[in-house]
Amino acid sequence: MGRESIEGGELSSPLVAEKNDGVCASGGGGGQSGGSSATGVVVLSTLVAVSGSYVFGSAVGYSSPAQSGIMDEQGLTVAEYSLFGSILTIGAMIGALVSGKIADYIGRSGAMGLSEILCLAGWLIIVFSKVNWCLDLGRLLVGCGMGLLSYVVPVYIAEITPKNLRGGFTTVHQLMICCGVSLTYLIGAFVNWRALALIGTIPCLVQLLGIFFIPESPRWLAKIGRERECETALQRLRGENADISQEAAEIRDYTETLQQLSEASFLDLFQPQYARSLIVGVGLMVLQQFGGVNGIAFYASSIFISAGFSGSLGTIAMVAVQIPMTALGVVLMDKSGRRPLLLVSAAGTCLGCFLVGLSFVLQDLQEWTEITPISALVGVLVYTGSFSLGMGGIPWVIMSEEPSSSFQASVA
């Protein structure tokens, strides 16, 4: 088996699990027997893992409802608060850069535990902060933990679930991120910023304690040579009476083959046959991140207030739109296809941005001022609903599927 077949999807290493062929996020196709059902241990392990997804969402959603309270109490300028809001993404970049190495070195459970320690420390620093640099330090630590979680949670879920259930289980990650953002908006409308940060520690503690009751990833255990522990974890995940011999053999074959192959160079990615896949995958991620999502998510409350609408009512309306639209996107993703859903979602986010921008232009011109608050509200809600429908999750899925199909075509 050559490197081409490995890259072609049999032993590839995408960040997001592929739903159609069941390729595991850490690599390896067909690792689980197709007819397996979800045991209680798989469900419990998934719930513990997606507690980290909720932490991710709560970190993203924190700065919008907390803005007015922090700026008033700490005396921050708009520029200083912008630093506080955006430093989260800097921490996330740092965490994401080292996430793969950490998850391979200390395991998936260990990486989740480390990320929650960072998030827990960050939230507590924010709760007890008296000076501006403490706020920024706490936000940076939360971002580092968030970057780790963004990688290890979907990988862990993909590695423990049977391949016939993997697609549905991995979408829970995106759904819980949405729940974290939405509920933080909602709770932030009723509590002050210190209490909201303290509430943010609860899901951190849930996952930190929960990892002591869930098994480690069998694939990671096999990768580091702990075969007996791999089989024990696999048996626990599949049930006491389940026959795991075939799945365990496939995991061993995958691990042995992977060890025999030299690692591909980063420059191999830029070969001509991968150009289309690279442009599509990276282009979609650029569109997702530069399409205004962070501006809307971080400053939704400020947008509503500036437009003359109630910040609390606006954020509650966002919650009412965001969760149902994310759930609808999960249902439609496999039924309608990625491309149509992505086109509708992209058009909706464009329209939402236009309506928000139009409301402020009219406000500056002192024209139709009576409709500017409604225009801002409708724009933010259209943007949020459209982004949740497809742009939030589909680029990750397509980015993992496009290279696989391209690699397979090149081999053929």
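Glycine is no exception: its Cβ is also placed from the backbone N, Cα and C atoms.
Curation does not apply to TrEMBL; its annotations are automatic.
Keep in mind that this is a model prediction, so the values were computed, not measured.
Listed in TrEMBL for this protein:
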type: DOMAIN; residues: 45-412; note: domain 'Major facilitator superfamily (MFS) profile'
type: TRANSMEM; residues: 41-61; note: transmembrane segment
type: TRANSMEM; residues: 81-99; note: transmembrane segment
type: TRANSMEM; residues: 111-131; note: transmembrane segment
type: TRANSMEM; residues: 137-157; note: transmembrane segment
type: TRANSMEM; residues: 169-187; note: transmembrane segment
type: TRANSMEM; residues: 193-214; note: transmembrane segment
type: TRANSMEM; residues: 274-290; note: transmembrane segment
type: TRANSMEM; residues: 341-362; note: transmembrane segment
type: TRANSMEM; residues: 374-398; note: transmembrane segment
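Packing against the transmembrane segment (169-187) from elsewhere in the chain are residues 16-17, 19, 25, 38, 42, 46, 49-51, 53-62, 64-65, 153-154, 157-158, 161, 196, 199-200, 203, 297, 300, 315-316, 318-319, 322-323, 326-327, 330, 333, 388, 392-393: each is 6 or more residues past its ends and has a CB under 8 Å from a CB in it.
Contact between the transmembrane segment (41-61) and the transmembrane segment (274-290) is not supported, since fewer than 3 Cβ pairs fall under 8 Å when only residues 6 or more apart in sequence are counted. Comparing 81-99, 193-214, 274-290, 374-398 for CB pairs under 8 angstroms to the transmembrane segment (111-131), the maximum falls on 193-214. Sequence-distant contacts of the transmembrane segment (137-157) (same chain, at least 6 residues past either end, Cβ-Cβ under 8 Å): 15-17, 25-26, 45-46, 49-50, 52-53, 55-56, 59-60, 84-85, 87-100, 102-103, 108-109, 111-112, 114-119, 121-126, 129, 166, 169-170, 172-173, 197, 200, 217. Within the model, the domain 'Major facilitator superfamily (MFS) profile' (45-412) shows a mean pLDDT value of 83, rounded to a whole number.
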